[in-house]
Amino acid sequence: MVSFRNGVAALALTSLAISACGGAAQEAAAPSATAAGPVKIGISLPLTGDFSEPGKGIQEGYQVWADMVNAKGGLLGRKVELIFRDDASDPNKVSSDYESLISQDKVNLVFGPFSSRLVIPAAQVAESYDMLFVEPAGAAKEVFEQGFERLFYAAPAIASDHYNYLAEYLLALPADKRPRTAAYASLDDPFAMGTAYGLRDKLAAGGIKTVVDEVYPPETTDFAPIAAKIAAAKPDLVVGGTQFEDSVGLVRALQELGSQPRMAAFSTGPTLAEFPAAVKGAAEHIVSPVGWAVSSGFPGNDAFVKRYKEMFKTDANEDAANGFTVGQIVEAAVNAVKCVEQTKECQTKLADHIRQGSFETIVGPLSFDDKGRPEQAHMIQQYIDGKVEIVLPEGSKAQTAKLVYPKKEW
Amino acid sequence: MRNASRYALLAAGVALALAYPWIVPNLYLLYAGVLTLMYAATATSWNILGGFTGYVSLGHSAFFGLGAYGTGLLMTRAGWSWIPSLIGSALVVALFAALVGVAAVRVRGASFVIVSIALVSMTNLLVQGWRSLTGGSTGLRVPSPFPDLNRGQSHFAFFYLFLGLLALVMLTWWFISRSRYGAGLRAIREDEDKAESLGVPTAAFKVTAYALSALFVALAGGLYALWFRSLDPIFVFSILIGSYMVLMSLLGGVRHLFGPLLGALIVAPAGEYFLVALGETQVHLAAAGLLLVLVVLFMPEGIIPAAARLVSRPQQASIREEAAG
Amino acid sequence: MTLLLQGLALGVLTGGLYALLASGLSLYFGVMRVVMVAHPAFLFLAAYLTYTLHTASGLDPLLALPVTVPLFFALGVAVQRLLVARLAPENLPMMSVLLTFGLALVIEGLLGTVYTGSYKSVSMDYATRSLTLGAVRLPYDRIVAFAVAALTLAALFTILLKSRFGRALRATIQHREAARLVGIRTERVTGYGFGVGLATAAVGGSVLALITPFFPAAHWAWIGKLMAIIVVGGLGSVLGAALAAVMLGVIESLVLVTVDATWATMMFYVFLFLTLIARPQGFFGGRLAQRF
């Protein structure tokens with residue numbers, strides 16, 4: 001009896017609190033066009049949970065962009081206001097965040113969340129509301145195979161192309177210097193595997209033999225036995241499709257077990273500021289793909305680096321740069337088509353503009369294919385004398401040093 | 001008289017639930033409603049095992065995930081249509097649960113909890129590792145059962161599908177609670193050894209309760225797959241989803257038919273509230289944890305009995321409880 | 001062959017670490033029939049404290065132990081007396097899981113708030129070198145971890161077997177009512193038992209900090225593994241858990257070098273189920289597991 005009354009009361013309360021006016025499904029299809037007021041941009045990011053660290057970087061990039069746009073007078077003369085939601089690294093939350101940002105907060109634009117694993121559910125929501133969806137982090141190739149028509153990845157290349165310059169470099173080496181064998185170890189994650197396997201496929205096609213090919217689940221806590229397997233195969237080249245923890249675990253264990261490859265490449269981990277301290281001296285000569293560099297010299301990059309430092313008191317990183325790039329592309333599109341409304345016409349115009357245009361960004365000029373894939377390539381960075389240097393592509397503005405190969409022993 | 005007001009309340013509740021999609025002002029609240037119903041359905045299913053027998057499974061997300069993946073795989077790999085996929089997948093999961101149950105319910109209390117945690121980790125590893133079948137970490141995309149509906153209409157449809165599932169689970173719970181079978185399960189909760197010596201076939205009872213509860217959780221998982229259409233092993237086989245079921249049931253009151261539903265109606269919006277109010281930092285995790293600790297310490301029987309004690313004379317509480325259950 | 005030997009050696013070293021990390025869980029279960037889901041979260045709390053002390057003072061992480069061990073002992077007594085002891089006894093195993101699950105969330109949330117979600121690590125100079133024995137290399141950080149684990153477990157066994165407190169604790173584990181009848185103050189002993197359990201988490205956390213980077217949500221990956229170890233070992237048996245830990249450490253490592261990482265992790269759960277089917281009380285333990 002009592003249980004009953006409580007249950008019903010709760011139900012009644014919930015629906016009373018929310019029942020303002022009728023007609024849910026019909027209304028959302030035609031969002032109201034508020035001409036005045038700020039331009040509201042809705043963003044869901046993993047500020048807590050497994051992906052919280054890169055999530056925070058991207059958030060800061062968005063904030064720097066908004067700050068700089070507002071300093072210039074805003075978008076089409078309207079102030080930009082960012083609305084962040086924490087998705088706690090949970091896809092149900094990502095969807096509900098975008099659903100509420102679009103249908104409840106009536107945001108003018110949405111920006112993407114972090115991680116390939118969260119981008120797909122988020123893009124599904126945006127797509128079904130006909131919203132433009134430029135995203136800073138969904139690099140795995142599967143993201144672009146869902147048939148999304150308004151999704152664009154705001155970085156130079158998708159995961160499997162991250163190592164392209166390195167593959168070209170290695171395959172161009174004279175036969176006696178070229179590595180003969182390679183070992184691959186990758187985290188079971190679409191992005192990390194994408195990078196490692198992109199390189200593997202190119203090198204294998206070029207005749208470099210794969211001697212170890214390991215995939216480990218995210219639950220893995222002990223990397224020494226994987227390293228033992230690699231050490232036993234004595235490869236010339238070690239490639240890790242890694243995030244942070246595992247890149248440190250693998251580097252340390254490879255060192256301990258006496259593996260001395262002539263080149264070591266790891267994705268993500270070495271691009272984070274914590275890496276050199278975590279592996280001590282072993283960072284020297286490790287190479288990684290990187291989508292952005294402090295030194296790139298691309299227009300606007302220096303201003304971004306400076307403003308970031310003023311706002312957050314630390315040095316800018318790649319995640320922040322990716323967030324900033326999203327802002328730059330959308331800003332350019334908005335200024336070109338002169339609209340920033342949630343309506344289907346406006347969002348379609350924006351998407352069409354981005355698909356056809358080319359954009360000057362802090363990660364270089366970007367253009368996209370019909371699936372939203374960027375058509376450029378990542379640079380390759382290397383630790384040289386303890387400093388991060390851009391070593392490939394050869395002869396580019398961004399290059400700060402020559403690639404060291406073979407690497408020094410660790 | 002009392003009965004009359006009870007039925008009136010029930011009718012009002014049902015009417016309100018049925019009307020919900022028509023009275024909410026935007027799609028987000030409809031979406032949140034679908035999600036809440038899903039939680040309520042899984043929590044009530046969990047309560048078929050947890051409430052009657054007292055066995056706490058932290059790992060029911062294993063069945064949720066298997067039900068979701070089973071449905072998705074039957075549709076994409078075997079080309080079945082959605083209804084047979086949903087039902088077939090749930091039946092297979094129930095069979096699997098019965099087999100696991102034979103090993104799992106041999107142990108009580110703490111060991112059982114550990115087994116349930118292990119089950120989630122195992123199924124996650126299996127689905128993630130079996131890349132050629134499940135797509136592994138790249139996830140599985142499930143075709144829409146209603147390709148002609150737009151997003152809002154699809155939320156509409158799934159609101160009623162989940163509502164139907166919830167009704168089905170609650171009816172099952174209610175039938176069990178009035179049956180000899182239910183009395184046997186309760187005897188296991190009160191004193192398993194005594195129940196056994198009185199001739200209750202405890203092992204068979206426990207295994208069937210386990211399988212039945214898994215069946216409904218798998219159905220919820222299957223519906224989720226059809227609705228959400230994007231599955232990722234680390235998210236569906238998550239210990240957090242399993243613990244939500246426990247938290248909701250416990251908060252509302254595990255001995256009551258409406259307990260898990262009430263719990264879901266509180267926890268789901270509260271979770272959103274914590275995220276919004278305390279967003280930016282991880283304090284909201286600590287707040288959720290603290291809430292759980294407080295419930296366990298001060299309201300281990302849930303809100304319903306606690307409220308009942310406030311409203312009525314204490315000596316009636318136990319009779320009332322039986323009636324409500 | 002060399003690879004197998006190398007795998008075996010690494011497995012033994014890792015198993016020793018597992019034994020230390022799981023010992024606390026066995027103790028809680030022994031004294032109170034409590035499954036402490038928050039134990040791994042406490043491990044990482046200790047790792048973070050070690051990190052703070054290490055970066056502030058530059059001392060070796062193991063020198064943080066004189067601070068963290070007493071602190072965690074007190075914390076353990078407090079958790080038992082203020083929280084766990086308040087739960088109704090008839091449903092203790094179940095409710096304690098939920099209580100400690102809540103605690104784990106609180107710890108993770110607080111760590112995330114104070115230290116942010118970024119990775120922290122403590123790297124000593126010996127962290128990347130190893131001892132070569134024939135064809136097999138033994139990393140120094142693993143040797144240190146193993147040695148610390150062995151010393152801690154030896155100390156723990158000495159306390160349990162030789163001291164008055166240890167005898168009282170074992171009596172409480174074996175038969176609470178009888179222990180009370182012969183004059184043991186079981187409430188106090190139980191509190192101290194919890195304290196000792198959490199003190200092992202302080203040591204375990206420092207060692208973990210030495211060998212792996214960590215972040216606030218890192219504890220989830222350890223819960224299933226450590227739980228499997230204490231069931232295979234026999235719930236409530238510290239010795240059983242230690243033996244099971246080494247066994248599973250070796251099996252994990254050998255499967256990793258011969259098959260792959262997914263199956264290596266899976267082994268913990270395979271053995272858990274084998275144990276339940278063949279010998280539910282665990283391979284080394286008493287009959288506690290079946291009854292509770």
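Glycine residues also receive a Cβ, built from the backbone N, Cα and C atoms like all the rest.
Residues or ranges marked as transmembrane segment in TrEMBL: B:29-49, B:61-80, B:86-105, B:112-130, B:157-176, B:207-228, B:234-254, B:261-279, B:285-311.
Same-chain neighbours of the transmembrane segment (B:207-228): 34, 38, 41-42, 44-50, 52-53, 55, 57, 60, 63-72, 82, 85-87, 89-91, 93-98, 100-102, 104-105, 142, 144-145, 154, 158, 161-162, 165, 168-169, 172, 181, 185, 236, 245, counting only residues six or more beyond its ends whose CB sits under 8 Å from a CB of the stretch. Taking Cβ pairs closer than 8 Å, the transmembrane segment (B:29-49) reaches residues 20-21, 55, 57, 60, 64, 152, 155-156, 158-159, 162-163, 165-166, 169-170, 172-173, 176, 209-210, 212-217, 219-220, 223-224, 227, 241, 244-246, 248-249, 252, 254, 259-261, 263-265, 267-269, 272 in its own chain, all 6 or more past its ends. Remark: the transmembrane segment (B:112-130) contacts the transmembrane segment (B:86-105), by the rule of 3 or more CB pairs under 8 A. A contact between the transmembrane segment (B:234-254) and the transmembrane segment (B:61-80) is present, since 3 or more of their C-beta pairs, 6 or more residues apart, lie under 8 Å.
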